[in-house]
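First up is the structure itself, then whatever we jot down about it.
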Amino acid sequence: QFFVFCHGLLQLSQLLVSGYLKSSISTIERRYGLSSQTSGLLASFNEVGNTLLIVFVSYFGSRVHRPRLIGCGAILVSLAGFLMSLPHFITGPYEYDRSVASTFSNTTDLCQPGAPGANLSTASCTPHASRENHEVLLVMFVAQALLGIGGVPIQPFGISYIDDFASERNSPLYLGILFSVTVIGPGVAFMLGSAMLRFYVDIDKVGAAEVQLTNKDPRWVGAWWLGFLVAASLVALSALPYFFFPREMPKEVGEVLHTHTHLSFPVVLLRNLRHPVYLLVVLAQVNISAMVAGLATFMGKFLERQFSLTASLANMIIGAVNIPGAMVGIVVGGAILKRFQMSLRQCSALCVLGMLLCLLGAFPLLFLGCPTQKVAGVTYWDRYHSSAGGHGLGGHSRGGHTPAMGTFLGCHCPEKGFNPVCGSDGVEYTSPCSAGCSSVNIGANSSVLNYTECSCIPGPGLARPGTCGTGCSHLFVPFVVLSCLAGILASTSHTPSFMLILRSIQPEDKSFAVGIQFMLLRVLAWMPGPVLYGSAIDTTCILWERRCDRRAACRYYNNTLFRQRW
């Protein structure tokens, strides 16, 4: 029981390291100019090091001192966590665009007829990848590889160690507790991300008075690196007890401990892969894990863009609602197994029932979405056409180089400026200048109240600082409730599926079978899942580039702040 407690604490800490990266992925993208595809690859790269070793290490599971190897792996995980925070200390302070401001007065961002402007026709469109910080990426990829290597012995050896020395009656409960505690790790990671991203990224380099941004500003970058220091320290502390556990324990309740026969590696591998129950259960887990891996990486980003949430609030929702819901489902599944002493056939039925109910609960999510925000000159063209025609420019050519709307009025807007405002017509503009605003109302604390005399906005011609947000905030609560319910129902199959594996194979193959299982999950689900999700996000940006004005779309696709909104 003490080993179960220690292993739950270690896996919580280990997943705190890997989960924290997912909670701060959009912030790291913004800080270092990464594409979603690159960040997805980074998030899944720890599976590479794990996959290369897990099968071979698991093969020796019953032949080595499992607790000590778990402790050594935990030390590597801790080192990886500290290494993930290193880029903050080897790079300079975060530099954001100070030519515009979302909350403070800045008259240079207004429409200024006659002012010299950039030559829009000759501006180049630099590929986004060239701006990615390759030195930072190298450090992070090395850290992720170490994280994967360190995690190799932790879960397979821990699961097999518990199942070897626990009674057959108590093993499902212990594993259910272990899995539920494990789920808390990502939940705590998202809560930790929510707390750390409230602090400015360079809190250790600049004073608070020098930062004229709030966490709602599109240029805000939170202290993403702080969470890695906290998580790595917890892993190091959790590793210490493992160096004092014995190699073997007395079997619980006096049950006979199975002796292990030594067979060659190929024989054991083929024996497990040819087992129909084992193979089908693992393939089922691959399908759901691929979806979960992508969602875990980009769910926070989806909530930020879909429902206009801050990164901190999105992480809090995931960490306080969705992940605890999954934990509840795992505990319920383990309790049902212990209460009814289910056979393998009944475990299969419970898994099928849980997934069918999950599908029913998740189906309404297909209809809970928001339309794309109208952004003048990028996704919205009606008034763009009329403004162009009204100023004798002969309309708009989607294949040509079209400047911002304010330029039609001779405003000479900054080409790369990103200071979004929401017009009184409900259309979003990339800056007050692009909306043709020539005046501003300033509040008592020098903050912008609104912009006036906006020539591109019909009616009163007013605009307020910030984005327009989404018009479907009323769908946020139903979305969270349904996604949490679907997670609870799906998670009830977690412990029964593991018991199907552990009870259907030969006792001496437990560590090896679990190792093969996690290798297949990594290769077929956890590695490609985040990359495919990230590629889909980036592909959406490219499609917008082709559908909309190529010049405008390319410019905003390369603007990290604006690109994140897609």
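Each residue, glycine too, has its Cβ placed from N, Cα and C.
What TrEMBL records for this protein:
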type	residues	note
DOMAIN	1-566	domain 'Major facilitator superfamily (MFS) profile'
DOMAIN	405-455	domain 'Kazal-like'
TRANSMEM	41-62	transmembrane segment
TRANSMEM	69-90	transmembrane segment
TRANSMEM	136-161	transmembrane segment
TRANSMEM	173-201	transmembrane segment
TRANSMEM	221-245	transmembrane segment
TRANSMEM	277-296	transmembrane segment
TRANSMEM	316-337	transmembrane segment
TRANSMEM	349-369	transmembrane segment
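With a threshold of 8 Å between CB atoms, the same-chain residues lying at least 6 positions outside the transmembrane segment (69-90) that come near it are 7, 10, 13-14, 17, 21, 32, 46, 57, 133, 135-136, 139-140, 142-144, 146-147, 149-154, 157-158, 201, 224-226, 228-229, 231-233, 235-236, 238-243. Counting residues 6+ beyond its ends, the transmembrane segment (136-161) has Cβ neighbours under 8 Å at 3, 7, 10-11, 14, 17-18, 21, 32, 34, 38, 42, 45-51, 53-54, 57-58, 61-62, 66-67, 69-70, 72-81, 83-84, 86-87, 90-91, 175, 178, 498, 502, 510-511, 514-515, 518 in the same chain. Non-local neighbours of the transmembrane segment (221-245) in the same chain are 3, 6, 9-10, 12-14, 16-17, 20, 23-24, 27-28, 30-31, 67-68, 70-71, 74-75, 77-82, 84-85, 87-89, 94, 96, 189, 192-193, 196-201, 203, 215, 311-312; each lies 6+ residues outside the stretch with a CB under 8 Å from one of its CB atoms. Long-range contacts of the transmembrane segment (173-201) within the same chain, counting only residues at least 6 positions beyond its ends with a Cβ under 8 Å from a Cβ of the stretch, are 1, 4, 7-9, 11-20, 22-24, 27, 31, 88, 94, 158-159, 162-163, 166, 208, 211, 213, 215, 220-227, 230-231, 296, 300, 311-313, 315-316, 318-320, 323-324, 326-328, 330-331, 333-335, 337-338, 491, 494-495, 498-499. For the domain 'Major facilitator superfamily (MFS) profile' (1-566), the predicted model reports an average pLDDT of 76. With a threshold of 8 Å between CB atoms, the same-chain residues lying at least 6 positions outside the transmembrane segment (316-337) that come near it are 23, 172-173, 175-177, 179-181, 183-184, 186-194, 299-300, 303, 309, 347, 350, 354, 480, 483-485, 487-496, 499.
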